[in-house]
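Asks: Here Swiss-Prot flags 1-22 as signal peptide. What Swiss-Prot lists as region 'II' is 23-75. Here Swiss-Prot flags 27-59 as region 'Disordered'. Residues or ranges marked as compositional bias 'Basic residues' by Swiss-Prot: 45-55. Per Swiss-Prot, N-linked glycosylation site is recorded for N62, N127, N137, N143. The region 'III' annotation in Swiss-Prot covers 76-157. As annotated by Swiss-Prot, region 'IV (linker domain)' applies to 158-166. For 167-252, the entry in Swiss-Prot reads region 'V (Cys-rich)'.
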Amino acid sequence: MQLTRCCFVFLVQGSLYLVICGQEDGPPGSEDPEHDDHEGQPRPRVPRKRGHISPKSRPLANSTLLGLLAPPGEVWGILGQPPNRPKQSPLPSTKVKKIFGWGDFYSNIKTVALNLLVTGKIVDHGNGTFSVHFRHNATGQGNISISLVPPSKAVEFHQEQQIFIEAKASKIFNCRMEWEKVERGRRTSLCTHDPAKICSRDHAQSSATWSCSQPFKIVCVYIAFYSTDYRLVQKVCPDYNYHSDTPYYPSG
């Protein structure tokens with residue numbers, strides 16, 4: 001019987017070491033230790049330095065073996081202790097949103113008497129205030145008016161009432177000038193009516209920044225341009241559904 005037990009142990013040891021770790025010692029008294037000491041030929045023994053595991057660590061070894069044999073989804077069910085992973089809170093989304101960028105809003109007007117380029121940027125700070133930035137580059141003569149209006153403002157020509165309309169529309173917002181810079185000079189270029197001649201025209205370049213508060217969600221830019229040979233009225237509104245988390249429903 002001792003030879004059969006030794007063969008079984010070596011066979012199992014050669015195939016899987018974890019099975020040996022999970023084996024329990026025989027019950028006390030099953031073999032007589034004094035009888036073994038008096039044997040003439042010593043019995044080959046398995047080294048206990050590698051194979052012996054204390055009773056406290058046996059469940060861990062058995063669980064490791066079960067974990068190798070069980071599907072991945074049942075490993076924590078066998079161990080009985082699900083992992084306590086801390087829930088990661090989602091990162092807070094920033095409230096600052098760019099309504100208009102320098103490349104999103106621009107107006108380029110070219111006439112015989114004027115060459116005008118206006119670019120703008122509007123940034124919503126998410127706390128009821130927003131910043132307005134405009135750049136103006138004009139060569140020639142002409143009158144242009146740039147204002148911030150709600151989406152309900154009609155696009156129409158009222159040259160004789162332009163001053164009244166702009167004064168009324170300016171009360172919709174509470175704005176204050178943050179920064180302004182204006183540069184004026186003269187620029188020479190080929191005449192439009194006769195390219196063989198050189199004409200000198202007025203050149204103006206300005207930049208301005210306002211800080212405003214909005215009583216409504218949508219902020220539109222209203223441009224009105226008047227000259228001797230050209231008139232233009234334009235209203236530009238951002239895509240609110242793209243910049244906002246909630247859809248916009250127009251009213252009024």
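Each residue, glycine too, has its Cβ placed from N, Cα and C.
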Asks: State which of the following glycosylation sites has the fewest other Cβ atoms within 10 Å around its Cβ: N137, N143.
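Replies: Counting other Cβ atoms within 10 Å of each of the glycosylation sites N137, N143 gives the minimum at N143.
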Asks: Calculate the distance in Å between the alpha carbons (Cα) of N127 (N-linked glycosylation site) and N137 (N-linked glycosylation site), and round it to a whole number.
Replies: 32
Asks: Between the Cα atoms of N143 (N-linked glycosylation site) and N137 (N-linked glycosylation site), find the distance and write it as a whole number of Å.
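Replies: Their Cα atoms are separated by 13 Å.
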